[in-house]
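Marked as transmembrane segment by TrEMBL: 32-58, 79-100, 128-150, 156-180.
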Amino acid sequence: MKYTKKIPGTDKELSNTLINEGWRKIKEPKTLAMAILCSIPFIIINGLISIGVTLPFYNFLKHISYNGSITINIDLKNIGCFIILIVLHEFIHASIIPNIIKSQNVYWGITIFGGFVATTEKISKIRFIFISLAPFVLLSIILPIILGAFNLLNNFIVLLIFINAMGSSVDLLNAILIMLQVPKNSYIINNGFETYFK
């Protein structure tokens, strides 16, 4: 796995090779901006799911008060926790990618839009869906249930859970596109902003 400062672009030579070998391209947003725009409904859905999961354990609404002004406190600890959340989210994605340790085709990084993991490794449909959904399920559904059961939730942790849920919206969009367009038992290869199956 390699660190990179920007999301790897589409390799046109690889695209041509895949098409010549019988791989088919799925219909998907062509840019990150379009993917984010298309994932807005999932931002709302994921946010509501995370609220629904945390509320039975911790009613954060009781701790919100409004006195005519809004104050935002940002300190290094909070920024550090947010960066750890991004890295953890991406590490969960990466840990499920085949050959993660030896592969020279897996990249990760952090941009202004958040973290990312990219690979051109061949991945089964079911594993691709699992890779896409794992950070949302683990950090915004299972983790709050565990923390809530031990009475360890607070406003800041709930905020991180909520941010992770909303930040998983493009992941959910990708998973749904694969579920709807890719036949059972197929394999998937990502090439920048192009996804192929066979």
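Backbone N, Cα and C atoms are what each Cβ position is placed from, and that goes for glycine too.
What you see is a predicted model, and the numbers here were worked out from it, not measured in a lab.
Long-range contacts of the transmembrane segment (79-100) within its own chain (CB-CB distance under 8 A, at least 6 residues past either end) are made by residues 1, 106, 108, 110, 114-117, 119, 121-123, 127, 130-132, 134-135, 138-139, 156, 160, 163-164, 167-168, 171. If you look at the transmembrane segment (128-150), the same-chain residues 6 or more away from its ends with a CB under 8 A from one of its CBs are 46, 49-50, 53-54, 56-58, 85, 88-90, 92-93, 96-97, 157-158, 161-162, 164-165, 168, 171-172, 174-175, 178-179, 188.
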